Structure formats: C-alpha cells, structure tokens
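Sequence annotations record features per position, and here TrEMBL assigns transmembrane segment to 17-36, 42-63, 75-94, 100-121, 128-146, 158-178, 190-212, 218-237, 249-266, 272-293. Sequence annotations record features per position, and here TrEMBL assigns domain 'EamA' to 20-144, 159-289.
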Amino acid sequence: MINIEELEKRINSLKKYNLVFASFFFSLMTLCVKNIDKRIPIFELVLFRSLLSLIITLLIINIKNINPWGKNKPLLILRGFLGTLALVCIFYAIRNMPLSISTVIQYTYPIFISIFAAIFINEKITRNIIFALIIAWFGILTILNPSQLSIVNVEIEIISILIAFLGAICTALAYVTVKKLSFSEDIYVIIEYFPLVSFITLLPIVLINWVTPNWSELVWILGIGLFTQLGQTFLTIGLKNLPASEASIINYLQVLFGSIWGILFFSEIININFLLGASLVLLGTIISTTKIIKRT
C-alpha cells in the first residue's frame, strides 16, 4: 500500500523543484498530444485525459478520507469549466501550430493573471504590469512575424493563434480561482473538480463523434493522462509552497522543454526571431510577477 502522507512529505521537501518537475511533465503531455493523429477529435483527447486524472485523484481522496465535494462548489465548478476550456484550446494549438510557438503563447498566462487578479481580487495594476504587457506583446509579434515564419516554412492560421491566446486567458482565470480556493479547499478537491467537470461536460459531445483509437494512439492517450496528472500534482503543491512570482518564472521552463521536443521530434527550426521573441515574453513575465521594492 502506498503511504500518501509520506509521499506528500517527500514531494513538499522538493520545494521549487516541484515546479521544475511540473514543467517537465506538462511538456511531455504536449509531446503526446502532438504525436496523436488528427483523426482523434480534441474533445476525445481531453475526455480521456480527464477520466484517468479523475480515477487517480478519487483514489487518493478515498485513501485520505477527504470530503470530495468541497465547500465552495460554485467556484470549484467554475474552476473546472475554465480548466476544461483552457485544455481544449491548448490541445488545439499544440496540434495546429509548431510546438515551440504554441508553448510560448500559452506562457503569456502569468501576465493575464496579473490583470485578472486586479479585476477579480482587487490587486493593483502597477506600472510593472503595463510595462510587462508592452514587452511581452512585442515578443509575441516578433515570433509571429509572417515574413520571418515564411523563412522557416511555417504557416499559422489566425484562428490557431486566437485559440492559443484564449487558452492562455482561460489558464490565467483558472489560476486566479485556484488561488482563491486554496485558502479553503484541500488541494486534491481542487484537482478533482477539473477532470470531474471536464468529463461530465464533454462526454455527450464525445459519444456523438466517437472515434475508436488504435493501440499506438491509446499509448499516447495514456501518456497525456499520466503526465498531466503528475504535472498538475507537482504544480499545485509547488504553488502552495512558493511565492507566485518565483513560481511563474520557474514554470517558464516548459518553453525550453517544448522547444527541445519540437527540434528533436518534429524537425522544428528555432531562428533568431523566436529566441528574441521568447526572451521578451520571459522578460515580460518576470517583470509582471516581480514586486517593486520601495527604497526608504
């Protein structure tokens, strides 16, 4: 029998390395999504991912004897819907864009977190955030410059770019709800509601448009579920143990991992514009999540 409490202690002792592991496992999830044939609908991939994650989380909740329904059900359900929409958008972007570029766009979410935190939990929008937004958008425009993309034989439809940004926005909104829920809910209840809402929402859609995966596709689908669950667990524990600013910066390692997988497995070309643009987005993220220390 696995000792959950002992395992949690070991994971907690990792501190900032939790987020390094989270970034690594999430990047492996994107690798699995990219390898699955487009004949399998996006909704079906998200459903399979949710089912496996739900089973694992419910087993842990049962072992720890936690009330699975939580206290703030409306906010937990909202977190589930936001996470589901974010995941659908992210999977679509991964499938229809170079892995390195889709990952960079997804990782604009810390900047959106700053904006939504100001709107929904009354955090102040500082000059830092405004400056960070300008820098990050310059970075995105540098990466998505049509003349530069043509040099490396990359064509990206505008709908894919918009959906990728929608995924980043929904991710940011989900993070704001998770932050608020973390003060009153057990971390496993927060994790549970994501796949629970996702599974209930997507099941009717998937049944109508069902496509039976072959054995090789099933392996990749299992990889999606396993790596997402591992990433989500390390991420949730990491966010609980670290300041948000430090956590956001460490999470950006996924851009590095995504770029490496893109080069190794999909022959993607990383040019100077991508490096410059990604650096600007990273700089914007660091600025937006770093507090100004006032001198006295």
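Yeah, the Cβs are placed from backbone N, Cα and C, and that goes for glycine too.
Non-local neighbours of the transmembrane segment (218-237) in the same chain are 8, 11-12, 18-19, 21-26, 28-29, 31-33, 35-36, 40, 45, 48-49, 51-53, 56-57, 178, 187, 190-191, 194, 251; each lies 6+ residues outside the stretch with a CB under 8 Å from one of its CB atoms. Each residue in the domain 'EamA' (159-289) gets a DSSP state, and the totals come to 111 helix, 0 strand, 20 coil. Sequence-distant contacts of the transmembrane segment (100-121) (same chain, at least 6 residues past either end, Cβ-Cβ under 8 Å): 27, 30, 90, 93-94, 129, 132-133, 136, 139-140, 143-144, 154, 156, 161, 164-165, 167-169, 171-173, 175-176, 179-180, 244, 248, 251-252, 254-255, 258-259, 262-263, 268, 270, 274, 277-278, 281, 284-285, 288-289. The recorded stretches the transmembrane segment (190-212) and the transmembrane segment (17-36) do not share 3+ CB pairs below 8 A when only pairs 6 or more apart in sequence are counted, and are therefore not in contact. With DSSP classes pooled into helix, strand and coil, the tally for the domain 'EamA' (20-144) is 100 helix, 0 strand, 25 coil.
Averaged across the domain 'EamA' (159-289), pLDDT for the predicted model comes to 83.
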